[in-house]
């Protein structure tokens, strides 16, 4: 029988025939596969405008930058073909072999980037310093379901080394910060280099045009590019993808035209022999020229950093099926033109375009340069979001721009700061050669940091033989170190700029993380036990007022010093008090069913609860539904508690209760029942007017308070200063830099979406 398949909205024709249920399954399976294929191809199409824009426009400036120095003295065919051979094998080894085959496989549950690698290392070993969550709150079932495999001997030695030496963990974190700083610095240099290189093409047809006009046009284009970002990656991707598709087809078509017209022998440059001949002939000058060749890799890191916006399969399909072959043809065609027109080498890309196609290709090149900047801008948004979630970056506003794809975000503050920095670089440098020197160093440094982290991933997370990790590092790391050494030779010619950006960003992130950790440590050291608060209750004459109060703090156990400070000065708080602790884990996402952990603090008559709310580093918190979800979770907790009370009355054991209810929270409740506060402290509070309520009545009171709208918010507003005996460097970091960042970033209440009219802030002085 001919299989005609199934339409999407029509039942399978065999579904009504007894005994052919497998046909129903096959129909549904084919429908699912078709939807999967369509989604993957759609994402691959969008990735052209988001991920591969920067990598695809590099032919505009690679040969120009490579031959801008002393290499112009070596313009024979063999040297030109040698540069082409280096470009080809660099594209083959780094983007194709390293990233497409290996690095994309090291994703952290669909998320990519430097912090994703670091998160994976922290979760599988004790190499991290960022995660200070109590072990009871770290377990996520979806991340603990992996089949355990035995560690290799060398993998265990590496883990033990990091566990024993805290300095090694600090160095690892600083390396991650450095990579982050380089990516953000790349987000400044990429738009300037791309747009300015494309706009300078107009001087081919108008050589008398003053440089100020080209700079002005580039600034206008940059302002327009950053103004589009608030529409989101999804809309921008669909807008930019057709441009990149046309661009890739154009440069590949022009490349094939130049190959057949000028020099078909350039195909022979695919042989690595030309690389050997090139370095034998040029020596040190050839090594120095690698600072220009490395520009063919710009945007490669975005393939991994933007992974959260797409999928591994879609990125692989787009690169291997379209981007890689088009780039190879473009570089070969331009080399063929240069080999016969050596006088045009400083502007070879535009000179190689046939006269009849110049203006259309120029317009597409200008548009493509705008698109090329999008890859690193999206990657910058992703990496800043991860840093902010792990409290390594000041609080900024993060907006979700897609309901379907979780990782697509927009950060207004970062967007406008990038725009101002880009304009400053364009106006200040003007010279694409100097910007190119800075641009190449930033990109290849991030790639080398990824290689170093991949060495640890292969040996400790994948638990492969250490020889495989060493081979990976030697093959790719040695090539990247060669490029870094060439770029460092041009530090005084503009290469200092990404180093300055990275140093500033790394310092700010380190100080913010250090100040935050010191603040948390102060709160933990000065937290108040429940017994102490209970003992102070009668003497303070604490009164209860109607309503619910959500008290935010970073203390997951005990009572925060801010609350004790408040009660001591104002001995009153709401009838229902919920201590809310928001924790970011070293995982991309936390399942909704495991997000809230609710338990009770103190005797039941106090109606005091604690709720630990867990988020992944890629999640944006829903400010609008959070209050409703939180109160519903407390109501569920009370409902489970009442179930346990009813079963206890019938004489069932706590273990039986836990098994019957089937919830880990219930085991905590049963355990708490055995350890419940009794005697003096509970009676003292009862004498002050608090009545012990059953769980049914307490749940009713909670719902009444919620319906009445009596929800207030309380959070601390501490002023953090270094102690008087602290060294000068610590005082400078805490009092000046951390204090400045804390005063000028978004306030916690705004970041959490807390209504201003219901907010109560408690000020305290923290001496750390």
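The first residue you see is number 1, and the count goes up from there.
Every residue, even glycine, has its Cβ placed from backbone N, Cα and C.
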Stretch carrying transmembrane segment according to TrEMBL (options 116-135, 136-155, 496-515): 496-515
Candidate ranges 264-284, 285-305, 558-578 [criterion: TrEMBL lists as transmembrane segment]: 285-305
Of 34-60, 358-384, 601-627, the range TrEMBL labels transmembrane segment: 358-384
Segment assigned the feature transmembrane segment in TrEMBL (from 8-29, 536-557): 536-557
Annotated stretch (transmembrane segment, per TrEMBL) among the listed ranges 465-484, 645-664: 465-484
Per Cβ pairs under 8 Å, the stretch of 170-193, 238-260, 285-305, 439-458 packing most closely against the transmembrane segment (317-338): 238-260
Confidence summary (mean pLDDT) of the domain 'K+ potassium transporter C-terminal' (546-767): 74
